[in-house]
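Annotation source TrEMBL lists domain 'SAM-dependent MTase RsmB/NOP-type' at 1-296. What TrEMBL records for Cys104, Ala105, Ala106, Pro107, Gly108, Gly109, Lys110, Glu128, Asp173 is S-adenosyl-L-methionine binding site. As annotated by TrEMBL, active site, nucleophile applies to Cys226. Among the features that TrEMBL reports, region 'Disordered' is placed at 298-317.
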Amino acid sequence: MLNLPTTFCQKYRDLLGEGQAEELFAAMADAPQKAYRINQLKSFQQVSYSQARPVPGISNAWYGQVGGRDPEWVSGTVYSQEPAAMFPAYSAAVQPGDRVLDLCAAPGGKSTAIGEALRGQGLLVANEISASRAQILRENIERWGIANALVTSAAPASLAAQFPQFFDKILVDAPCSGEGMFRKNPAAAQYWSQDYVLTCQRRQQEILLAAVKMLKPGGELIYSTCTFAPEENEQIVSWLVEQFDFQVQPLALRGVKVASGRPEWAQGETCLSQTIRFWPFDGLGEGQFVAKLRLPGQETQPCPSPKKKLAKPKIPQGGLTRSEQELVATVLDYFTLPTCLAEWANRSRVSHGHVFIPVLPPANLHVKVVNNGSELGLLKKNRFEPGHQLAMLLGQVKQERVIDLSAAAYLSYLHGETLPVKTALRGFVLVSYHNFIFSFGKVAGNGILKNFYPKGLRILKKD
Ligand SMILES: C[S@@+](CC[C@H](N)C(=O)[O-])C[C@H]1O[C@@H](n2cnc3c(N)ncnc32)[C@H](O)[C@@H]1O
């Protein structure tokens with residue numbers, strides 16, 4: 001049973017009126033809504049979940065529950081996401097070729113949707129200030145098969161120094177007081193206070209000051225929170241409009257029951273009614289606020305393709321030598337390569353043995369980089385060991401060199417065990433369960449499948 005603080009209840013009685021406030025409290029006591037998205041980068045796969053109830057307004061998303069061990073999840077074919085939380089990335093209307101920043105990105109629900117929409121063209125910078133959460137963000141982006149993301153872990157102000165007026169679109173899915181998530185996480189309600197709401201507001205303004213510096217003239221800012229508090233929603237948008245002349249853009253959501261932002265909860269600007277609010281009593285999902293704002297200035301120019309931008313120097317810095325290329329080819333030549341890996345030999349760089357295809361020139365980056373583009377694997381003495389991101393990228397297309405495991409073998413593999421396998425294949429193979437590719441493995445001469453599922457992702461035996 002959700003135990004809401006008295007001051008919280010009184011605040012929403014004052015704002016919404018007695019009747020609607022009671023509707024809100026009743027809805028907050030209901031079970032949270034669960035949903036999932038299907039990855040269009042891996043769309044040839046058939047998932048096992050029901051597709052009876054689509055999430056309105058979002059293509060490729062359905063209500064339903066996904067398990068953390070399901071091969072659909074482990075292979076990056078589905079992402080479990082609260083339905084209302086799908087709308088900020090959708091509202092960004094990202095096009096292939098855009099340069100997009102997701103400034104507060106972990107665990108990556110919105111970054112995976114943005115990276116998917118880019119279809120390998122343009123750039124996603126996915127940033128997360130917390131180092132540990134940035135690792136989870138990296139894992140999720142990797143699992144989703146996104147080749148053109150730069151994952152960073154920086155404070156927004158440091159990122160702004162690196163990328164002045166750089167992005168066409170910036171999503172700020174701000175840290176907030178989280179009122180809209182109380183029914184998912186009832187314990188959080190106990191820490192609510194009006195002071196905390198105001199602390200969040202100040203932090204949001206700080207983050208947005210940095211975001212504005214990184215937006216190109218004419219660029220778009222998508223601001224979202226999962227709280228009901230006007231101080232963190234309409235009042236923030238009102239401040240952005242006043243400080244920077246932003247124009248609030250209408251959000252056209254077809255077939256979705258959604259409420260408008262409330263001008264009277266800020267300075268009364270009518271444009272605030274073009275922001276949107278998801279209330280749990282409207283039935284779609286949890287609480288969410290979304291605003292889309294355009295910075296004045298020239299329309300954004302289509303960005304130069306990464307290829308043009310990353311003009312190739314005559315002697316590429318950190319490029320692969322002929323013999324290194326040959327070592328990498330001893331693995332890659334056995335697989336069908338998706339478009340994102342085309343011309344890998346010319347585009348790859350090597351740093352401390354790590355072979356990767358950068359999405360931005362590494363030498364120019366002066367922030368903490370967690371992953372730059374696509375990591376292919378590790379050069380060791382006279383051999384190349386393919387990395388997990390490569391397996392996730394190869395999973396975008398049908399592969400022949402795959403070992404499909406039984407249910408028991410799949411679990412053992414997730415635990416990190418080696419397995420005996422009946423196959424004529426030798427050397428590096430992709431490993432799947434129910435045909436969902438989720439790892440590399442290596443078959444030794446004695447028919448033992450060595451485990452290449454990353455240690456950090458393995459499931460402990462007692463779980
Ligand atoms: C609402 S969550 C982001 C959820 C994410 N967009 C998603 O869809 O998976 C907000 C994130 O902001 C981060 N954060 C906290 N304080 C911050 C700050 N001062 N500057 C930037 N990010 C911050 C948190 O660590 C958290 O990961």
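Cβ coordinates come from backbone N, Cα and C, glycine included.
Bear in mind that TrEMBL entries carry predicted annotations, made automatically and left uncurated.
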| Could you tell me the C-alpha distance between Cys104 (S-adenosyl-L-methionine binding site) and Cys226 (active site, nucleophile) in angstrom, no decimals? | 13
| message | Max CA to CA distance in Å over the S-adenosyl-L-methionine-binding set Cys104, Ala105, Ala106, Pro107, Gly108, Gly109, Lys110, Glu128, Asp173? | response | 13
| query | Helix, strand or coil at Asp173 (S-adenosyl-L-methionine binding site), per DSSP? | reply | strand
| field | Local confidence of the prediction over the domain 'SAM-dependent MTase RsmB/NOP-type' (1-296), expressed as mean pLDDT | value | 96
| query | Near the S-adenosyl-L-methionine site, what residues other than Cys104, Ala105, Ala106, Pro107, Gly108, Gly109, Lys110, Glu128, Asp173 in the same chain have a C-beta no further than 8 Å from the centroid of the listed C-beta atoms? | reply | Asp102, Ser111, Ala126, Arg133, Leu137
| task | Starting from Cys226 (active site, nucleophile), work out which of the binding-site residues listed here (Ala106, Gly108, Lys110, Asp173) have their Cα within 10 Å, and give them in sequence order. | result | Asp173
| remark: Ordered by sequence, the long-range same-chain Cβ contacts of Lys110 (S-adenosyl-L-methionine binding site) under 8 Å (at least 6 apart) are Ala85, Pro88, Ala89, Asp102, Leu171, Asp173
| query | Taking Ala106, Cys226 as the recorded positions to compare, which has the smallest set of other Cβ atoms within 10 Å? | reply | Ala106
| query | In terms of DSSP three-state secondary structure, what is the assignment for Gly108 (S-adenosyl-L-methionine binding site)? | reply | coil
| Per DSSP, to which secondary structure element type does Cys226 (active site, nucleophile) belong, with helix, strand and coil as the options? | coil
| request: Work through the binding-site residues one by one (Cys104, Gly108) and point out the residue whose CB has the fewest other CB atoms within 10 angstroms. | output: Cys104
| remark: For Asp173 (S-adenosyl-L-methionine binding site), the number of neighbouring Cβ atoms whose distance to its own Cβ is within 10 Å equals 23
